[in-house]
Amino acid sequence: MARPGQRWLGKWLVAMVVWALCRLATPLAKNLEPVSWSSLNPKFLSGKGLVIYPKIGDKLDIICPRAEAGRPYEYYKLYLVRPEQAAACSTVLDPNVLVTCNRPEQEIRFTIKFQEFSPNYMGLEFKKHHDYYITSTSNGSLEGLENREGGVCRTRTMKIIMKVGQDPNAVTPEQLTTSRPSKEADNTVKMATQAPGSRGSLGDSDGKHETVNQEEKSGPGASGGSSGDPDGFFNSKVALFAAVGAGCVIFLLIIIFLTVLLLKLRKRHRKHTQQRAAALSLSTLASPKGGSGTAGTEPSDIIIPLRTTENNYCPHYEKVSGDYGHPVYIVQEMPPQSPANIYYKV
């Protein structure tokens, strides 16, 4: 017979084996090589841009580098766009802002997590075997930060093509610049946009580095025609809070109604119980007479206490009637009192 220690060790080994098999069966997520969003980055190939092949669970950091001495700082606004927008280098319609590079004194790092389902309703969501595009139509200067046409997307092909869950060996070089069908544009991503001046300071304690996570961004979603309008986001939040508040009010009203109903039922039950108790107390007073009396006394004779007036008792009994059955006596038992306090009720 196995000892308890051996049983525990066997269960532990089985659990470790199952865990190892699950880890082997599940592809390990990894951090992809960060992308520096700068015109000096040689990874942005002319006419093609930068193509990456992330898997579900991977993470990608897009870095806005700090200003270097002797070189002007490059201002960019990065968008997650549809295939036709990336091909035309246009963000006029439905602009979905990812991050804004507008802080020369610090490095800004934007992290993208490739996940099919996001715990944040404003987070990014990706699907396998789909292409996603990131580009910028800014020209690098502060004055051209808000450009919606051309920019470095057209002049330097600064764009990232993310082929999620796809095999890099199965893609030919001619397919790198092709756009996906427009029917897939609606399923690209649930986008979280960021206004240039609405993001608070998220940098480190030295004030030289800033990390922006896609789950922490706020703004309108990518679906629908109002994704570029900030009012749409606030309206959606107001509608959400209004729905939650209405649900709470309805829940409180139901609780109050049930509480009042329960109190009424308990009060009615208590009143009914008191009435039954009073009836039982009267029935106990009317008890049959015992058979230990004389021979002429019948066992069915009933003794009923005489009602009194003004709490005065009368030690008197009277035979009420015996014409239609057994005689009935009304008897009031009490300790002897002075004759002055005795009243007879006729």
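Cβ coordinates are placed from backbone N, Cα and C, and glycine is handled just like the others.
Note that the structure is predicted; figures quoted are calculated from it, not measured.
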> Per Swiss-Prot, which of C89, C101 is disulfide-bonded to C64?
Replying inline: C101
>> With the disulphide bonds as Swiss-Prot has them, who is the partner of C153, out of C89, C248?
In response: C89
> For the domain 'Ephrin RBD' (30-164), DSSP counts of helix, strand and coil?
Replying inline: 10 helix, 49 strand, 76 coil
>> Using Cβ atoms only, which residues of the same chain lie under 8 Å from N139 (N-linked glycosylation site) while being at least 6 residues apart in sequence?
In response: N147, G150, G151, V152, T155
